[in-house]
Amino acid sequence: MNGNGHYNGNRADSEENLHKPVHENGGSTTPHPGTESEGNELNADRLNCMGRLSYHVSMAIGKFFYRLGYWIANNAWKTIGLCFLLVALCSVGFIRFHKEKSPMKLWIPLGSKFQHDTNWLIEHFQEGNRIETVMITAPDVLVPEVLQTIATITEEVEGFKFQNSEGQRLGWTDVCHKVPLIAEYTADLARRKRHAQDLEPTPATSTRRPKKSKPFFTPVIDVPSFLFCPMVERLELGCYGSSLLELWKYNRTMIAGLSKEDIVDKLNRTTISPMTGHTVEFAELLGDVKRDWSGRIVSAGSLVTHWFVHVNFSEVDADVSGNAAGTEDWVTENAVLWEEKFLQIVAKAKRDLSNNETSIYYAAGRSYGDISEESMFKDMDKLIYGGIVMFVYMQLVLSKFSWTEFRVILGSVGLMSVGMGFIAGCGIVAALGVSYGPVHTSLPFLLMGLGVDDMFVMMACYRKVRKANPDLQLAERMGLMLQHAGASITVTSLTDIVAFIVGSITVIPSLQSFCIYAAAGVFMMFVFVITFFVAIFTLDEIRIASRRNSFLIWVVHDEKSTSLWCEYNLMHRFINMLYSKFLLTKVGKTLVILAVVLMTGVNVHNLLKLRQKFDPNWFIPEETYYNQFVVKTHEHYPNAGYEAMLLYGNLNYTTELPNLIHITHQLENRTDILHSFSSWVTAFQDFVHMHYDKDIAVDPLSEADFRKYLSKFLFSYEGGRYQMNIKFATKLKCGQPAPNITVTTMDFKFRPFKEREEYLPAKYAVEEVLASSNITTGDRYRTLWAKIFGNWVTDEIIDTEIYRNISLALIGVMFCSVVLIVNLQICFWIFICVLLTLVNVGGLMQVWGLTLDLVSCIALQLAVGLCVDYAAHIGHTFLTINKGDRNRRSLETVLHIGAAVFYGGGSTILSLSILSGSQAYTYRTFFKIFLLVIAYGLFHGTILLPVILSLIGPAPYSGSLNSLNTINNNPSPTKKVCREGTEMISFIGNEKYTPNGVEL
């Protein structure tokens, strides 16, 4: 080796000596590292129990890794082949690979009440609908021009055809939610409106309702069943919707001739849809409503039109209709295809709109799923660019500037080993039947950050070994490199694995799956880094010794052309100057400790203000059509809250009717939390009171009367719209008593809530009303359900989940550190560094506007694994340095491993830095939290920990002995002894060490 640390062909580093087996007394043998001298044994005996344990554990780990590195160096190609074979075997598990798309199996806590209620609803109700909406805003929407625009859109939306996967051509009438059209049997609308007006209100505590005036003519009551029912059975089923155009039965000719006064007059006079015959509150379709002195509507600023698509839950297949982000609702293939065309038509209408004062906003049932999926995955190319940036960064760190020492091959294969670990880990977990989720897309880049860190440590250790022992055989150097790096890499990898295994205890399926995949991925990456990467490293060293070009390996250079172009080693100089001249001085230590105390105090204060909040719309980029629709909806319909419903099971409804009425009245009076409430029970109560002069709240019905009256009610204009709220054991038939009820629902809307402190108490209040109801018959099943509860149920537990998982992860990491490092004091300080990092990250999350939600929960779970690495590297290395006092050992520790740790943290930041401009909430949150974790992790691990260890650090592993990681404890046939004071790693390797710094 020449003075610059490069290979000479006539030295022990020559190609013919790099990989030949070592012989002793003419026989082939593997050297026995860690063979203690007699003095070592005597000194070891003088150690206390913990000291002896730590000594023997560290010696055992060192022996194992030395032998592994030695064997791999002598069997590089065999190792590479075995690694590829292992990947192939693990890949067999992909036969059972399943990418989960169902939101219920991704985001809803396992065993939660919402999960149980949703499954019950799907099983018993079996059908539902999806809402498609178009909103038009204008200075006044109650004008003919706006209605003409709506009519044009409606005509196109309900007129197109599409083709499904089975080749069928379908249209609106094939996918819509249908209801009976009873308009031709309803009486005069104006007269019905007069008879339907409410009388004086009753006290809030009473369940008695005032009797309404009986209409002049009610077909279901006044016409004999043998005449009425045949007419009903001939009724057509029409598509259910909500549109102001129903007032004119969608007649374009009639609409074209309307005036402003015609529109306003018809709107204010009509409460029964001329199209369907059902009761409709047309005013609810309007926003920014203005009324005159009499309460009559005169204008409005917005108008919505709804289409309802039918969904048969038994036909829903999430693997077919779901999306990769797991954010699609229950939907069939036909509904998805219709919605796709619907969005195209409305988008075109929006583009073609010529009136500058009129705007169109729209949303389909698939809008949220489509856009959230797109935003989650459209920045995948940025992650790839981040990988490229990391590769370039690796070359700058690993390479030296000469034609032969660019580490292009080693860097490429290093990243390849990360990919092999990811594939093998996924194959193993897939074989166990664990589903793959959308958040798993970030896993390769997490593994990349951890794996590259390990490679930097290996390269640092190899350069140290080569500098100290230039005449050793290559196999011995590789063994010593792995002995140096193996223990540290094992500590960090195993702590990461433990953190992820603990994280898999969570009840959130996507996080559970992610942690399992991450644990397997980290383990397999660790396996390939200490085997496959070492084998490639060996072959790359042989290439360098042969003076082969880094890019064109068939080109061989002479010795002159292989010299280094430059070797400034700025990082090493900077670290030496920073620590020896400032951080490890009395003033520096004081300032560091004061900074930590001040910073932690401020961030503890901020952490206490960190809120738990999640808004699903955070996944929607601002410029998208769906976000514009949501914003305008909140602006024009500020009182429109979340839709919900009460579910009742197989009860004796005749007996429970008074209880249901009592529940209904209790909730109708909760105007502080509910915006509106629609119950078939009170409508049925009014119907019976009006037509049969019985108040069922106080006068119980017989079973026969209940069934008779209910059948009449559901075929009346008042009750027809409630048919969709009641499921019977058999089909309901006109003129016959109603069959047994199996399921009923009561619909309502919460008020618009923004904070967890508002909506969770409202939810609990409704649940309390249900729980306190005296329902004692049938299966007694009653519950509260809403789609938004899928988010609320996570909000209920997410903060508890985060703190529990992080606490368990910290305990697991500490246990793992104690087992591997076997030094309680070092383990304690590692724990403190990790804890301080998490506290400060949480505090700055609050300052940065982040909250505790599912995304930050995943990121913080990863944070434990990331930030423990930095402190573990420093703490473990400090125990292997035996020369000098604590201050000297701390300095040598950071000179030894500090650059590798800094480079490792920098690589992770670089790979994720491109995400800083992402519009996807997931990636933005990941970037912010990881940036904080790495910054604080490096600060506490590489600045605070060395300062603490310089003051109260423990003795090295072997007391006054040379440490395990010094080469003279590993005698080889060459008997080459390490020089004093060479524990520090030089990334260029041309320095001499002095007590006060580096002498160049």
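Each Cβ is built from the backbone N, Cα and C atoms, and glycine gets one as well.
Positions annotated as compositional bias 'Basic and acidic residues' by TrEMBL: 12-23.
Here TrEMBL flags 379-539 as domain 'SSD'.
The region 'Disordered' annotation in TrEMBL covers 1-41 (among others).
Per TrEMBL, the feature region 'Disordered' maps to 193-212 (among others).
The annotation transmembrane segment is assigned in TrEMBL to 79-97 (among others). Cβ atoms under 8 Å from those of the transmembrane segment (79-97) belong to residues 72, 420, 423-433, 436, 524, 527-528, 531-532, 534-536 of the same chain, restricted to positions at least 6 beyond its ends.
Annotated transmembrane segment per TrEMBL: 383-403 (among others), in sequence order.
The transmembrane segment feature in TrEMBL is assigned to 409-433 (among others).
Residues or ranges marked as transmembrane segment in TrEMBL: 445-465 (among others).
Sequence-remote contacts of a segment are chain residues at least 6 beyond its ends whose Cβ falls under 8 Å from one of its Cβ atoms, and for the transmembrane segment (485-507) they are 58, 61-62, 64-65, 68-69, 109-112, 450, 453-454, 457-458, 460-461, 514-516, 518-519, 522-523, 525-526, 529-530, 797, 801, 805, 808-809, 811-813, 815-817, 820-821, 861, 864-866, 868-869, 872-873, 876-877, 897, 964-965. Here TrEMBL flags 485-507 (among others) as transmembrane segment.
Proximity of distant same-chain residues to the transmembrane segment (514-539), defined by a Cβ-Cβ separation under 8 Å and at least 6 residues beyond the stretch ends, is recorded for 19, 65, 68-69, 72-73, 75-77, 79-80, 82-83, 86, 90, 409-410, 413-414, 417-418, 420-422, 424-426, 428-429, 434, 436-437, 439-440, 443, 446-447, 450-451, 454-455, 458, 462, 474, 478, 481-482, 486, 489-490, 493, 496-497, 500-504, 506, 858, 861-862, 865. The annotation transmembrane segment is assigned in TrEMBL to 514-539 (among others).
The transmembrane segment annotation in TrEMBL covers 587-608 (among others).
Same-chain neighbours of the transmembrane segment (808-841): 50, 53-54, 57-58, 61, 487, 490-491, 494-495, 498-499, 501-503, 505, 596, 599-600, 603-604, 607, 860-861, 863-865, 867-868, 870-872, 875-876, 878-879, 929, 932-933, 936-937, 940-941, 944-945, 948-949, 952-954, 957, counting only residues six or more beyond its ends whose CB sits under 8 Å from a CB of the stretch. Under the heading transmembrane segment, TrEMBL lists 808-841 (among others).
Taking Cβ pairs closer than 8 Å, the transmembrane segment (847-872) reaches residues 107, 439, 446, 449-450, 453, 488, 491-492, 495-496, 499-500, 503, 508, 510-511, 514-515, 518, 522, 606, 610-614, 794-795, 798-799, 801-802, 805-806, 809-810, 813, 817, 821, 829-830, 833-834, 837-838, 841, 901, 904-905, 908, 921-922, 925-926, 928-930, 932-934, 936-938, 940-942, 945 in its own chain, all 6 or more past its ends. Taken from TrEMBL, the feature transmembrane segment covers 847-872 (among others).
Marked as transmembrane segment by TrEMBL: 893-917 (among others).
Residues or ranges marked as transmembrane segment by TrEMBL: 929-952 (among others).
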Ask   = Where, among 409-433, 445-465, 893-917, 929-952, do we find the most CB pairs under 8 A to the transmembrane segment (587-608)?
value = 929-952
Ask   = Residues sitting near the transmembrane segment (929-952): Cβ under 8 Å, six or more positions beyond its termini, same chain?
value = 579, 583-584, 588-589, 592-593, 596, 825, 829-830, 833-834, 836-837, 840-841, 844-845, 848, 850, 856, 859-860, 862-863, 866-867, 869-875, 878, 886-887, 889-891, 893-894, 898, 901-902, 905, 908-909, 912
Request  = Find the average pLDDT over the domain 'SSD' (379-539) in the predicted model and report it.
outcome  = 85
Remark   = Residues outside the transmembrane segment (409-433) whose C-beta sits under 8 Å from one of its C-beta atoms, at least 6 past its ends, are 83, 86-87, 90-98, 387, 390-391, 394-395, 398-399, 443-444, 447-448, 451-452, 455, 516-517, 520-529, 532-533, 536-537, 540, 543, 550, 553
